[in-house]
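Sequence annotations record features per position, and here Swiss-Prot assigns compositional bias 'Polar residues' to 171-190. According to Swiss-Prot, the feature domain 'VHS' maps to 20-152, an assignment based on sequence analysis. Sequence annotations record features per position, and here Swiss-Prot assigns N-acetylmethionine to MET1 based on a large-scale study or a structure entry. The annotation phosphoserine is assigned in Swiss-Prot to SER11, SER160, SER176, SER180, SER355, SER376, SER461, SER462. Among the features that Swiss-Prot reports, phosphothreonine is placed at THR164, with the record citing a large-scale study or a structure entry. The annotation region 'Disordered' is assigned in Swiss-Prot to 171-212, 307-336, 428-492. What Swiss-Prot lists as region 'Clathrin box' is 321-326, and the listing cites experimental evidence. Sequence annotations record features per position, and here Swiss-Prot assigns motif 'KRKK' to 48-56.
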Amino acid sequence: MDFLLGNPFSSPVGQRIEKATDGSLQSEDWALNMEICDIINETEEGPKDALRAVKKRIVGNKNFHEVMLALTVLETCVKNCGHRFHVLVASQDFVESVLVRTILPKNNPPTIVHDKVLNLIQSWADAFRSSPDLTGVVTIYEDLRRKGLEFPMTDLDMLSPIHTPQRTVFNSETQSGQDSVGTDSSQQEDSGQHAAPLPAPPILSGDTPIAPTPEQIGKLRSELEMVSGNVRVMSEMLTELVPTQAEPADLELLQELNRTCRAMQQRVLELIPQIANEQLTEELLIVNDNLNNVFLRHERFERFRTGQTTKAPSEAEPAADLIDMGPDPAATGNLSSQLAGMNLGSSSVRAGLQSLEASGRLEDEFDMFALTRGSSLADQRKEVKYEAPQATDGLAGALDARQQSTGAIPVTQACLMEDIEQWLSTDVGNDAEEPKGVTSEEFDKFLEERAKAADRLPNLSSPSAEGPPGPPSGPAPRKKTQEKDDDMLFAL
């Protein structure tokens, strides 16, 4: 039959296929391949002539480089041509006599040719499975699988390229049916019957991957670049902004970016299972990971910001304490009441708190007492006149003047000794009874008695050089002590 039809390469499309599959070519001539597709779509005999030329180049050819170029031309035509060409290519006769015959063991094809043929059969079987008039390749595919032939799984993403051209094929097929109306009305009915089941493949597009065209790939990558730009801007804003100090305009922009990226992620998640291009799928997964990371950062940002704002009203009362880092004078006084409110009713805790409070007050009182004591001693040293004991007249006159100015009552030496003994016994008793601490009143009394003892003791040894102790030596220390007591009471 082929002999009667003449040389397959003599037709316009055959000549171009011969050039496109020449073994001298280093790689595919895509411009020539697309020209072949245009001739097939535009001429009436284009599909048949092209298929005859491809069959001539593949069958029995030992130059497997030319065979690979012919398979590439065939694949390109299936992706870009219409239903008329698909009917011829998917026929059981062409698949079995051309493709399956090429990979027979007796021909000893290289692995690259073997895998290429199996990929074409598998992709066409999956693409044309829903079309009743294109099931010849499906039958061959199922027979090969039942015989145990393993199809390569790494190139399964090549299954989908046929779906995208089929969406445009419907219009071309409808147009071809309209062109044939004038020739035969029965052909119009047949074309209408064939056009009815053709919309079935788009229904399967949601279940099977889609191979985008180069224009769609470029548009998708530009949109992915836009998504990546939004992610970068949002990430930089989250890095620069402080949650508690962010401006309302910045927060509004951040929320807008978040909403935009959320919408973009939904589209990315829809495209991931639908795209058959492995490289595009990888890019979509990377973009999705970046979106998830920036969403996590935004959630932490919002959680910290809203957490600070919700805690602000409850912390409004101690705001002054947070600002004033100095010591709180009321902290010691309120410590016992705070611990009492916490039901810490231990006696040791209360005793410790009382000692802390008493020690604070005693320290202040002791400082005041030391100041008044120093000033009173200095004044007394300036006013007292020291004279020899022989000058009884001068001493008696000084004592009389001292008594008149202060109104003090002189006491005897025996009374002084009794007071000292009483103070010592009281001190020992208090130490034995109250080991936990002393109060402010006891400490004042202690200081007063010690002051009295310090003033009295030096005067006991002063008259030993001149005779027995007499009344003149006692009243002077007593008067000084009385004045110091008055000064201390005035200071307190």
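Cβ atoms here come from the backbone N, Cα and C positions, even for glycine.
Keep in mind that this is a model prediction, so the values were computed, not measured.
Looking just at the region 'Clathrin box' (321-326), the mean pLDDT is 49.
The Cβ of SER11 (phosphoserine) lies under 8 Å from the Cβ of GLU45, ASP49, ALA53, each of these being in the same chain and 6 or more residues away along the sequence. Mapped onto DSSP classes, the domain 'VHS' (20-152) shows 96 helix, 0 strand, 37 coil.
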